[in-house]
Amino acid sequence: MDLQDIVDALFTFDNYAQLLPLVRNSLIAGAVLGLLGGLIGIFVMMRDLAFAVHGIAELSFAGAAFALLVGANVVAGSLVGSVLAALVLGFMGIRARDRNSIIGVVMPFGLGLGILFLALYEGRAANKFGLLTGQIVSVDDVQLNLLVGCAVVVMLALAAIWRPLTFASADPDLAEARGVPVRGLSILFMVLLGVSVALSIQVVGALLVLALLITPAAAALRVSSAPGVVVLLSVVFACTSVVGGILLALGGRIPISPYVTTISFAIYLVCRMVGSRRSVRRSRPAEPAVAAVTSLR
Amino acid sequence: MTSTVPRPSSSPRGTDVRPAISLRDAALSFGGRTLWEGLDLDILPGEFFAVLGPNGSGKTSFLKVLLGLQPLDAGTATIDGGPVTRGSRALGYIPQQKSFPPETPLRARDLVGLGVDGHRWGLRLRDRGYRGHVDRLLRDVGADSYADAPVGLLSGGEQQRLRAAQALATDPAVLLCDEPLLSLDLNHQQAVSSLINRQCHERNSAVVFVTHEINPVIDYVDRVLYLADGKFRVGSPAEVMTSEVLSELYGSPVEVLHSNGRIVVVGLPDATTHHHESA
C-alpha cells in the first residue's frame, strides 16, 4: 500500500452526491449526539468524571455485545450496560479516590465480557468492530428515533437540574447547606451520563466516547469561563467533530471514529493555544508569605 | 451531665428580643463520645458569637446542627423562632476556603449568582432583577473589580469574598461561618472579617463564627462558646478567655496572656491543634 492508496482510503469523494442521502440518518444522529455530548461534557469536566466515562463505556460495550450475541436490540443492550455501570459508580464512588479504583476494577472486567460475547458471536464482523470504533451507515429509522428520543429526554432532564447541578458540582458543601439535594443529583447525573455514553457509542464506538463527551467541553473550558459561552462553544465543537467526521468518513473506507477524534483533537489544540494567553493575562503574584504562617494548623 | 463548669446566664442582654438561635438542653455525640450536652443557649440578632476549641471538640458539628445537616441527640434547636430546616433562607453559610479548579466554568458573578438562585430547578429564563442583585452583592464585598474574572483564577482571599457575597444573598437572619479566614493572608482576613462584622452589627444578623483563632475577630466578638473535652463555657471573651476557665476546661494548667489587645494561650495540651499564639 503506497501513499496514494492511503490517501484514497482516507479521502475519496467520488459519487459523493449519491452517498450523502444514505447517511442522512447518521448525520441527524451525529448532530443530536454532538449537542448532547457538548452539554453533558461540561458537567463531566466540572465533576472530574472523565475516567468514569471511560469505565461506563466499557460496560456499555459489554451490554451491546451481549445484545448482539443473543439477537436483542444493540442500543438497548448498550443502555442497560452503561446505566448499570453508572449506578454502581454513583452509589459506591462518592469520593474521587474510591471511584477511580472501582472504575479501574470494573472496566477491564466489562471489556473482557464484551470480548467474550463478541468471540461467541458468529454474525458479520463489521458489527463487532463497529461497537468499539463506531459505525456510519447503520442508523436506520427505528434506531434514529430511539437515539433522538433518548437524547431529548436526557437534555430536558439536564435543563431541569441545570442550576442546582452547577451549584452542586462547583461547591457541594455550600449547595448542601442551601438545601440542594447533592447526593440525589449526583446519582441522577450518573444515570443521564450512562444514557449519553450508550447513545454516543452507537456513533463513535466504545473506545472513543471520550472524544465526544470530554474533548469538546475541555476545549471550551480552555477559552472561556462565562457559562453561556462555554455551553455554546462546547456544543459547536462537539457537533462540528461528529458531523464533520461523518462527512469526511463517507468518501473513505475506514470507520468514522478517526475523523471525529482528529477533528475534536485539533479543536482542542487550537483552544489550548488560545487559552494559554488568557491564563497568562489573568495570573497574579503569589499571596504574601504570611498566609502560610496563619494557615498552619 | 459531664459539664462541670458552672454556666453563666445564657442570654447577654434583655429577653424582650426573640433570639435568632435558641438551643435547649442540646446534646451531641460522635462515635460514642459526647461532644457536648446540656447546652442552653440564646443568640440574639446582631450578636457576634464565636465558637472556639481544639479539633474534634464539636465546633463544626455545632454548625452542622444549625444548618440542619446533623440531628441533635437530645434537646431542641430553633432558628428565628422556627425549627431548624436544611436550606432555610434565614441562614447564610460561609465555609472554609477551598480553591476552585482553574477550569471551573464560572465567573465571579456566576458564583455569587448561585447564592441567589442556584438551588432553584430549571433554567433561569427571565432576569427578574437577578443581575442587579448580583451586582449589588459584588459591590458590597468589594469584588466588583473582578466581577467577570474566572473564579478558578482568583486568589483564595478573592474567592472567600465571593463566598461571603453568596452567603449574604438572602440577607440572612443568621450567618454561620466555618473557619472563613483559614489560609487567607492578613489583609484578606481583615477584609472578610469586617464584612461579616458589618452584616452582624449594622444589619442585625446573628453571626456564629467557628474559629481556631480568636484574634482576627477579637474586636467584634460579643460572646464566646469554648468547647473542650466534652465540656463548654459560654460568656464574654473577658469571662471565658482566662487562665482559670481554660485550665478547668482542659483539665490541665493553661495560661492566658493578654498582650496589645491580643490573646495568647500558652500550654495547651495538644498544641498542634491550636494556635492562638500565632498571627
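Each Cβ is built from the backbone N, Cα and C atoms, and glycine gets one as well.
Annotation comment: TrEMBL describes A:27-47, A:59-89, A:101-121, A:142-165, A:185-214, A:226-250, A:256-275 as transmembrane segment.
Taking pairs at least six residues apart, the transmembrane segment (A:27-47) and the transmembrane segment (A:101-121) share fewer than three Cβ pairs below 8 Å and do not count as touching. The stretch in A:101-121, A:142-165, A:256-275 that contributes the largest number of Cβ pairs under 8 Å to the transmembrane segment (A:185-214) is A:142-165.
Beyond the transmembrane segment (A:226-250), the same-chain residues lying 6 or more positions past its ends with a Cβ under 8 Å from any Cβ of the stretch are 11, 16, 19-20, 23, 26-27, 30-31, 33-35, 37-39, 41-42, 136, 166, 203-204, 211-212, 215-217, 219-220, 256-257, 259-264, 267.
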